[in-house]
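J.: This is the structure I want to talk about, given as structure tokens.
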Amino acid sequence: MASVAQESAGSQRRLPPRHGALRGLLLLCLWLPSGRAALPPAAPLSELHAQLSGVEQLLEEFRRQLQQERPQEELELELRAGGGPQEDCPGPGSGGYSAMPDAIIRTKDSLAAGASFLRAPAAVRGWRQCVAACCSEPRCSVAVVELPRRPAPPAAVLGCYLFNCTARGRNVCKFALHSGYSSYSLSRAPDGAALATARASPRQEKDAPPLSKAGQDVVLHLPTDGVVLDGRESTDDHAIVQYEWALLQGDPSVDMKVPQSGTLKLSHLQEGTYTFQLTVTDTAGQRSSDNVSVTVLRAAYSTGGCLHTCSRYHFFCDDGCCIDITLACDGVQQCPDGSDEDFCQNLGLDRKMVTHTAASPALPRTTGPSEDAGGDSLVEKSQKATAPNKPPALSNTEKRNHSAFWGPESQIIPVMPDSSSSGKNRKEESYIFESKGDGGGGEHPAPETGAVLPLALGLAITALLLLMVACRLRLVKQKLKKARPITSEESDYLINGMYL
């Protein structure tokens, strides 16, 4: 009871001055009606004590309401700072504690922040016994006492819960107001036993620096949409709390975005070499860095190499290389000699007229086997059928590009060459391409096996019909033969046979 009285008095001492004024006003309001009642002088003192006890109950209820209206952040700051009167730990243990009535720990949030539950001592008869158990526990920093319901039995057992709220050198526990619970925060002073324990177990207190991994170097070819660098493979013995990316070398106009923690998305890359540095920071503030390079080449064949396997879906350069057909006529020279863009400079979209230059007398460089024999034969057949007296045929490279661009069913109509063209080591010829189908289907050749299957089915059905007709005619012929009337010669033969 003495301790409860001390706590009540301490809580009343902590009330602001305005609360004292409100208390006086409330006492005055309660005292005036009693004076107006004109009690006799010989009124028993028991009635006065009853009125005073009622006033005290009202004040206590008013104090609790004011305490419940306090912000939760103020309560947490007071508990973390060890607010309230400091008292020495009862029993063994050093340090002091501060009490906060009607406060309970938010277990789930505190454990998620790094706190840990130690134990729940049994057979606790008072809050001092719970605080003493926390003081005797080296890692205990908060003790939560669950008070019994009123009226409490004489030997009621209290609930006692011990927590370690210290993580990464600070208090991480969170609290909330709740009647029926009291929390006690311990503040320990370093003693010789703690220092000896720390020296005896240096491995537990050691925090190694993090290991930064920015990933492997990247090589890209223009045009490109960008790349994503991933540094989430960085490791630490505790945890990594921050990732920082920095551009050390390269065009500063590159667009750098962080879609997720530890990653970096790059866009608007230009030709050249970029160097990026990843710096990671762990929970102890230790840092580690690693570099990664991003090399952006001019084009897919800017290194001088050529595609080794060429097909009708590729554009054949004048020097013998081949590139993807979609890279031609895109405004960027992909061929080493730039013939992919020279081929399309005189391309008229309204007349579809292309001016080609015949190959030079020098033999082109061979880089790989060609798979476009079918495309060449189709172009040659169409040229022979439509222009028997046309000028000299195009080179193999030009014919392949024509076949890839305009399709195997295109017709080539010769046009008279320009008289102003020069004939020095080369001949210029003009052709107008008129595709039978729409322009969208010129990139893929017509399948040759598509007409074989319908033809085979037609022949099979025709043969079956002919067989059925032949069988039908044979049956009709046999029926007609059986139903033929007897001739005169046959009747005479039968009659003579009867008399013989």
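Cβ coordinates are placed from backbone N, Cα and C, and glycine is handled just like the others.
Dumping what Swiss-Prot says about this protein:
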- Cys310-Cys322: disulfide bond (DISULFID)
- Cys317-Cys335: disulfide bond (DISULFID)
- Cys329-Cys344: disulfide bond (DISULFID)
- 99-184: domain 'MANSC' (DOMAIN)
- 210-305: domain 'PKD' (DOMAIN)
- 309-345: domain 'LDL-receptor class A' (DOMAIN)
- Asn164: N-linked glycosylation site (CARBOHYD)
- Asn291: N-linked glycosylation site (CARBOHYD)
- Asn401: N-linked glycosylation site (CARBOHYD)
- Ser491: phosphoserine (MOD_RES)
- 38-450: topological domain 'Extracellular' (TOPO_DOM)
- 474-500: topological domain 'Cytoplasmic' (TOPO_DOM)
- 451-473: transmembrane segment (TRANSMEM)
J.: Do you know offhand how many angstrom separate Cys310 (disulfide bond) and Asn164 (N-linked glycosylation site) by C-alpha?
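T.: With distance taken Cα to Cα, Asn164 (N-linked glycosylation site) is 70 Å from Cys310 (disulfide bond).
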J.: For Cys322 (disulfide bond), which of the listed recorded positions (Asn164, Asn291, Cys329, Cys335, Cys344) have their CA atom within 10 A of its CA?
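T.: Cα filter at 10 Å returns Cys335.
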J.: Given a 10 Å Cβ-Cβ cut-off, pick out the one of the disulfide-bonded residues Cys310, Cys322, Cys329, Cys344 that has the most other Cβ atoms nearby.
T.: Cys322
J.: Would you please pick out, from the disulfide-bonded residues Cys317, Cys335, the one with the fewest other Cβ atoms within 10 Å of its Cβ?
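T.: Least crowded of the disulfide-bonded residues Cys317, Cys335, by Cβ count within 10 Å, is Cys335.
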J.: Could you state the whole-number distance in Å separating the C-alpha atoms of Cys329 (disulfide bond) and Asn164 (N-linked glycosylation site)?
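T.: Approximately 70 Å lies between the Cα of Cys329 (disulfide bond) and that of Asn164 (N-linked glycosylation site).
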J.: How many of the residues that make up the domain 'LDL-receptor class A' (309-345) does DSSP mark as helix, as strand and as coil?
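T.: Tallied per class, the domain 'LDL-receptor class A' (309-345) gives 7 helix, 7 strand, 23 coil.
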J.: How far is it from Asn164 (N-linked glycosylation site) to Cys335 (disulfide bond), counting Cα to Cα, in Å?
T.: 69
J.: State which of the following glycosylation sites has the fewest other Cβ atoms within 10 Å around its Cβ: Asn164, Asn291.
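T.: Checked Asn164, Asn291; of these glycosylation sites, fewest Cβ neighbours within 10 Å: Asn291.
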J.: DSSP says what for the domain 'MANSC' (99-184): how many helix, strand, coil residues?
T.: 17 helix, 38 strand, 31 coil
J.: What's the CA to CA span in angstrom from Asn291 (N-linked glycosylation site) over to Cys335 (disulfide bond)?
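T.: Just about 33 Å between their Cα atoms.
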